[in-house]
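*Asks:* What TrEMBL records for this protein is below:
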| type | residues | note |
| --- | --- | --- |
| BINDING | Asp41, Gln49, Tyr54, Val94, Phe133, Asp313, Thr354 | FAD binding site |
| DOMAIN | 159-330 | domain 'FAD/NAD(P)-binding' |
Amino acid sequence: MNPAAATPPIETEALIIGAGPAALFLAFQLGLQEIACQLVDVLPAPGGQCHALYPDKPIYDLPGLPVCSGRELTERLLQQLRPFNPPLHLGQLVSGLQRRPDGRWHLRSIDSGDSGQEWIAPLVFIAAGVGAFLPRKESVAGLERFERGPAPQVCYHGLPAAYTAEAMAKRHIIVHGGDAAAVELALELAPPLGADAPGRITLLHRSPRFQIEPALQAALEQALAMGRLQLVLGQPVGFDTVANDPAALQALQLATPGDGHATLPCDWLLPRLGLSPKLGPLADWGLALERKHLPVDSATMATAEPGLFAVGDINHYPGKRKLIVCAFHEATLAAFAAAALLRPGQRQLLQYTTTSPRLQQLLGVAGASAAAG
Ligand SMILES: Cc1cc2nc3c(=O)[nH]c(=O)nc-3n(C[C@H](O)[C@H](O)[C@H](O)COP(=O)(O)OP(=O)(O)OC[C@H]3O[C@@H](n4cnc5c(N)ncnc54)[C@H](O)[C@@H]3O)c2cc1C
C-alpha cells in the first residue's frame, strides 16, 4: 500500500482519470452499461476546462443546446449522471498507474496534504484533457513550506478548515491575482460594512487593471470605496517569518510599481494566479504517447494496453477533433467496448433510453414515458 495513502485501496470496475465533460458523460454511459465507476480529478470541482477556464462563456455548438455556458454544461452533465451517483474524488492528482500481476490496474493519487488514495480496477479510462490543471505557483523561493502542515498559511485551492469566519476576521489575508477568481474570492472574504474586523483583506495585483466583467469591476470598486478591502499593487519577491519561528509566515515583501518596495503583513496568502495544464504524471506511466496524446482505436477508444481507454482531448486517432461533441461520441463507444471486455461472451444489445424498460429502471424513470403518453 502507498505509505501516503490514508485508506486501503478501493476496488471498482472502472476508474476514470479526470472529471471534465468527457469523463462525466463517460460515467453516464458506463452507468447505462451497468459498469460501476469512480472519477478522480485534481481540481476542486468537476467540469474540466469548461468549469475551470470558461465557466461563464457561451458554448454554441452542443447538439440540441443552442447556447450554454461552461458552468451550465457541467451542471447538466452532473444532473444527468445523478441516477448512477458515482463517487467523485476531487483535489486528487492521479500520480501512479501500474499493471498488477492479476491483469487489473493499480492507481494511486496524492492530494495537497501529502496523503492520497489507491484504486484497483480492471478498466481505466484516461479522460485527462490537456493534462492535470494545477494552480500557477508564486515564484518566491521558500514560500512553498507554508503550504503544508495542519494550519497552512499559503493555500492555492479553496480554504482549509482552519479558515473559519471568526478566525478570518482577525487575520491579514492577501488574495493575489487579477482575474475573476481572485476578485470574487477577495469580495467573498471582505467583511460586511461596519463589521468589527481587526484583520484586513488585501487584493494584491501587479496592475490596477483586472480581467473581469463590468459587473464584477463595479462590485470591486464599491468594496474598495467602502474600505471593505484594500488594493495593493505589487509583486511578491520575498517574505518575513515571525521572530523565533521560521515556520510562521508574518509578511510579504513586495516589489511595487516604479522600483519601489513594501512590506505587507500576511497571516494567510491565497494565490489565485490561474491554472496551467500539466501532462505531469501521465507522461511517466510508460504509455505510448504521440505528441503528448494517447493513440486509440477510433472504434473503441482502446489504447494499446488491454483495459486502458482514452477519451476526450487527451486521445488521438485519424480525424480527431478536440470538441466536446466528439468527446461525447468517444465516451459512448468506449463504454460499449468496455462492457464487451468486462463481460466477454455476453450478447450486446443496442437499447434506446426512450423505450428500454431496463435502461429506464437504471435511470430511475421507469413508467415515466408511459405516463407521458
Ligand atoms: C476557452 C475555451 C473555449 C472552448 N469552447 C469550446 C466550444 O465552444 N465547443 C467545444 O466543443 N469545445 C470548446 N472548447 C474545448 C473543450 O472545452 C474541450 O474539448 C473539453 O473540455 C475536453 O474535455 P475533456 O473532458 O477531454 O478534458 P478537460 O476538460 O481538459 O478535463 C480533463 C480533466 O482531467 C483532469 N486531470 C488530468 N490529468 C489528471 C491527473 N493525473 N489526475 C487527476 N486529474 C487529472 C484535469 O484537471 C481536468 O479537469 C473550449 C476550450 C477552451 C479553453
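Every residue gets a Cβ built from N, Cα and C, even glycine.
In terms of burial and nearby residues, how do these features look in this structure?
*Replies:* Within 10 Å of the C-beta atom of Asp313 (FAD binding site) sit 26 other C-beta atoms, taking all shown protein chains into account.
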*Asks:* What are the sequence-distant neighbours of Tyr54 (FAD binding site), meaning same chain, six or more residues apart, C-beta distance under 8 angstroms?
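*Replies:* When sequence neighbours closer than 6 are ignored, Tyr54 (FAD binding site) has Ser69, Gly70 within Cβ distance under 8 Å.
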*Asks:* With every protein chain in view, how many other Cβ atoms are within 10 Å of the Cβ of Thr354 (FAD binding site)?
*Replies:* 8
*Asks:* So for Gln49 (FAD binding site), how many other CB atoms are inside 10 Å of its CB?
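*Replies:* For Gln49 (FAD binding site), the count of other Cβ atoms within 10 Å is 20.
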*Asks:* With the FAD site defined by the record as Asp41, Gln49, Tyr54, Val94, Phe133, Asp313, Thr354, how many Å span the farthest pair of C-alpha atoms?
*Replies:* 37
*Asks:* Around Asp41 (FAD binding site), how many other C-beta atoms are within 10 angstroms of its C-beta?
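*Replies:* Excluding its own Cβ, Asp41 (FAD binding site) sees 29 Cβ atoms within 10 Å.
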